[in-house]
Amino acid sequence: MSDSVILRSVKKFGEENHGFESDGSYNNEKKSRLQDKKKSDSVRIGFFQLFRFSSWTDIWLMCMGSLCACIHGIAQPGVLLIFGTMTDVFIDYDTELQELKIPGKACVNNTIVWINSSLNQNVTNGTRCGLLDIESEMIRFAGYYAGIGIAVLTTGYIQICFWGIAAAHQIQKMRKSYFRKIMRMGIGWVDCNSVGKLNTPFSVDFNKINDSSADQLAIFIQGMTSPIFGFLVGFSQWWKLTLVIISVSPLIGLGAAIIGLSVSKFTDYELKAYAKAGSVADEVISSMRTVAAFGGEKKEVERYEKNLVFAQRWGIRKGIVMGFFTGYMWCLIFFCYALAFWYGSKLVLEEGEYSPGALVQIFLSVIIGALNLGNASPCLEAFAAGRAAASSIFETIDRKPIIDCMSEDGYKLERIKGEIEFHNVTFHYPSRPEVKILNNLSMVIKPGEMTALVGPSGAGKSTALQLIHRFYGPTEGMVTVESHDIRSSHIQWLRNQIGIVEQEPVLFFHTIAEKIRYGREDATMEDLIQAAKEANAYNFIMDLPQQFDTLVGEGGGQMSGGQKQRVAIARALIRNPKILLLDMATSALDNESEAMVQEALSKTQHGHTIVSVAHRPATIRTADVIIGCEHGAAVERGTEEELLERKGVYFALVTLQSQRNQGDQEENEKDATEDDIPEKTFSRGNYQDSLRASLRQRSKSQLSYLAHEPPMAVEDHKSTHEEDRKDKDLPAQEDIEPASVRRIMKLNAPEWPYMLLGSMGAAVNGAVTPLYAFLFSQILGTFSLPDKEEQRSQINGICLLFVTLGCVSFFTQFLQGYTFAKSGELLTKRLRKFGFRAMLGQDIGWFDDLRNSPGALTTRLATDASQVQGATGSQIGMMVNSFTNVTVAMIIAFLFSWKLTLGIVCFFPFLALSGALQTKMLTGFASRDKQALEKAGQITSEALSNIRTVAGIGKERKFIETFEAELEKPYKMAIKKANVYGLCFGFSQCITFIANSASYRYGGYLISNEGLHFSYVFRVISAVVLSATALGRASSYTPSYAKAKISAARFFQLLDRQPPINVYSSAGEKWDNFQGKIDFVDCKFTYPSRPDIQVLNGLSVSMSPRQTLAFVGSSGCGKSTSIQLLERFYDPDHGKVMIDGHDSRKVNIQFLRSNIGIVSQEPVLFACSIKDNIKYGDNTQEIPMERIIAAAKKAQVHDFVMSLPEKYETNVGSQGSQLSRGEKQRIAIARAIVRDPKILLLDEATSALDTESEKTVQVALDKAREGRTCIVIAHRLSTIQNSDIIAVMSQGMVIEKGTHEELMVQKGAYYKLVTTGSPIS
């Protein structure tokens, strides 16, 4: 009798069941989602929250760095105390000289008196004289400057170095925490977030956070200390003037606040747009073969560019705000100059409260402080960008997982038998809450039995397995193991009891031994060998160059589908799990391998609970219990005989399969009656007997008649990845030479109008500083004039000039900010687009290189384009600004004292040496840092792209450990970089004070001995030293410049590479009457990444137009490789592939592929709507909806699509994750049908379908083949026997060919494969 579904009592464990309601439903997931939504709406990152990952050591480093930054900041207003005193000395000295020049005055007894005048004979003037030795005074002041310079060198080094080290440590911890949280968030959450979106922070956002919490912050603290100290000094001694000067500070603060808020908001929007673009890039590069096959390169570039446009808009808006308010603040500062000198001169000249030196000291203390506030705006931009970037990262880190795979909570049973029950389970995928997948599913899976779940695609079979594995939690109801709700279990313990093999196996980038050892880390070599033998993988592994130590590429991409599946099965078997889940586990195998693996699985059944999802009745018959599923519910249960009597879901499945195979069996019996093949029945015992008999027979005759299965085309495994890298033709990343500045500049050529305007603004802004020095020295000179009215007149005129400079600065600063933001964003967008386009234009062999994994390429794409701006865009504005500054300063300086100017210029080489050293060392750091982060990016991409496999085998911690180990390299480099940058920064700051020291000493000599006016000394020194300061400020961008040269070099390397197969080329032959005649002529081929392994060895086969050719052979014999040659993913090393008599190498690549449609065994769908996925079949035109529907109907997917709430607008999720495999395959078939190709390639196109769908789709494919040339790769006889030509392959060559009847008459390899009962391989 068939068993009815029995509901057992459930043992609930205390606090672990807090989510159960009175009705038994479990609503914790829903509540969590609501909490997450509320949280995400209110997340705002405060500035100090950026340092939440700091340790006590980091805090100490930041405190010491801040203390040194404060001391450094005090140095500037502190030196003004010396400067003010020195000014009074200069003015007193010049005043004395001016008075002594008056006829009738002389210095008598250190007092100026009138002489030789009858009226004023010997009348004293009261002015002291003869007491000042100006040269000695300047020696004293020079000593003060030198002492402060040495202090600045020390504090400058410490502030940059300590903050850099602390930031590096915190960023490292932040990266680790973010990756840990992603890995423990659960499958449901990852479904709702694309892999590209989750990966983007690793390459972009963390860099922005680092910029906001490392050297920029130290410089900001230094800059903020100057105004604070200056204001304190001013208020303590000269409050009147200080109060007037500081009155404009609130307006400056308002501008700074607006900049901070606006930039933060715009940066957040910009980052989100880039994250979407990164998601597109990751998806496309991960699916490169599908994109190439359907000619989607241009379409994908356009899709990528659309997201870049949004980012560009926000970036330009950010530049407008920055330019406007930077100009606004400079305008206020110059207005403040005018006000301060006008009012200050009144206090000096009319009221006599202050000396000129005091006026200068107050003024410069406050104004330099205000200037530092203005210069802090780039830091504010970095802080705002860092906060915006941290917002989404911290939101993820703080999010509470619905299913925490690393939680230590939950029960662990000492013994487990494997009893599983579903209690009224209803389930919706988190990303598609409106679609009910399971609908009150109730079923019991008894321990030690093999239970098969059968039913049409989309019935919820695979979903049920995912609930057992606790990838998701049920929306309602519960799943129990040993009568315990699995939501109360320890997740890792539960998953360790489960082994899983899926239809589309995922193998990570390791040796085969390590791939299998992922199942159990403590497995010995003997365990690995035993598991490989049980999975029928041992023989092909031993044929590999390095056997179990062979490296087979990312995802196992260098193995055939069947070989990958067998390794995945070995990985599951080595766990020796109590519960084994088989989700279409053998669908990718040829019949030969499937039979052997099925027997191996049947041997492991003892003591294990096996739950199998399969479509083939031959696979299902070995089950003890069969459960029929339909519409998300279990509708029948029983043994095979019972379900056949019931005539329900299973009966319909078997009937369809039987009808399909009946013709096959009759044909075989007719052709081979002498072999007396017993007719197969539905009896489980008979099936197993015949299976074992066929296996025994195969051991005698199998493909030993054929040549021995060739070694699988894989590359030799090297002891390390570095050794493997040496074997590549491309240079290692560390060998890339920095790009030339000239070529980098050419990148911005299309934006020359913007850059011209911006450069004009920058030139004016650069001239402002030396003009300020000129006006400032002019004002000082007026205080030594004897005529008070003349003093007042000149000061008023100079104040008006300051107002004029303010107005000009407002306009030019805005012009510079806007135009360079515009040109920079256009450059970034174009570079990203060109880089992405160049990547998609590479040949498929290029993507086989381990350095060009999807993770590495998306990381490179995201960072390189933005970092190139470090040598172009706004950096050009900085260079023009600095160049103009120096040029105008030199002109002024040489006009007034060429000797003093030359003395100061002697210090310029020291500044240049500092910048050159910094550039050279940081360039090396940038290259190595990029390489190390790309390796980490490969790990994150591999883990997140295959999160189901990672979770299924419980290796989250292993990936986390590997990722964290890779982070050690960039961390150590960041420590070295902090020391180098700190030393260079301290030196560049110190040299200004040393230059001042020497200049004033020499200036005193020139005043004393050559009569140089003191105002000229001020004018020359101020102009030259301020211009040198501008150069020093420009050198602070050296790290960005160093990174830019490396990033640009990498871009040029990509853009300059000429792929052997250029998809964008318009060259090549085209013809109107494309027939579809195909000839493989003595084709020999080795994959570019493994040239030592021969995959095709003289493949020769021809087919006429509208014929069907079927390739038959063992896994790894080159069947799929031949299809890739036809698609021109690769070209043969020897021989030709002829299309209508044209050598494929000479045919236009776009024209060729536009006439070919392909349906692969593992369908790749994109994260867009079903409609867009089907439209992807023909990217040359806009496909009307009628054609899409017609193609869907032919592929038997239309009814399913119409049952969805959003119908054809339904998003299929990342890689089609929201659909069953059968649904994905049918959409892929519809995509091929809508292409209407002349040549149709079917690579196991129906292997993933249930019998009912397979029959209908096979009919559709048969119709689609009419009038077309078709190449079929299949393992099932029914799929290939009606082919016009059947080619049996082995060792990369065709060993026999003909029709089914001809090959049966020949009684060769094909005949024996059919007649012995041994499946076709």
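Cβ atoms are placed via backbone N, Cα and C, with glycine included.
Per Swiss-Prot, the topological domain holding Trp239 carries a different name from the one holding Gln938, which places them across the membrane from each other. Same-chain neighbours of the transmembrane segment (795-815): 323-324, 326-328, 330-335, 337-339, 341-342, 345, 757-758, 760-762, 764-765, 768, 771-772, 775, 778-779, 782, counting only residues six or more beyond its ends whose CB sits under 8 Å from a CB of the stretch.
Rounded to a whole number, the C-alpha distance linking Lys1119 (ATP 2 binding site) with Ser457 (ATP 1 binding site) is 28 angstrom. When the topological domain 'Cytoplasmic' (816-869) is classified with DSSP, helix, strand and coil residues number 48 helix, 0 strand, 6 coil. Counting in whole angstrom, Gly1116 (ATP 2 binding site) lies 33 from Gly460 (ATP 1 binding site) by their C-alpha atoms. Comparing the Cα of Gly460 (ATP 1 binding site) with the Cα of every entry in Gly1113, Ser1114, Cys1117, Gly1118, Ser1214, these being the recorded positions, the smallest distance points to Ser1214. For the topological domain 'Cytoplasmic' (169-215), residue counts in helix, strand and coil come to 40 helix, 0 strand, 7 coil, using DSSP. With helix defined as DSSP H, G or I and strand as E or B, the topological domain 'Cytoplasmic' (262-319) counts 54 helix, 0 strand, 4 coil. Most Cβ pairs under 8 A with the transmembrane segment (980-1000) among the ranges 148-168, 241-261, 756-776 are made by 148-168. Nearest in space to Ala459 (ATP 1 binding site), taking C-alpha to C-alpha distance over the recorded positions Cys1117, Gly1118, Ser1214, is Ser1214. Taking the C-alpha atom of Lys461 (ATP 1 binding site) as reference, the shortest distance to any of the recorded positions Gly1113, Ser1114, Cys1117, Gly1118, Ser1214 belongs to Ser1214. Other Cβ atoms within 10 Å of the Cβ of Gly460 (ATP 1 binding site) number 25 in total over all chains.
Comparing the Cα of Gly455 (ATP 1 binding site) with the Cα of every entry in Gly1113, Ser1114, Gly1118, Ser1120, Ser1214, these being the recorded positions, the smallest distance points to Ser1214.
The two recorded residues, Ser462 (ATP 1 binding site) and Gly1118 (ATP 2 binding site), have Cα atoms 31 Å apart.
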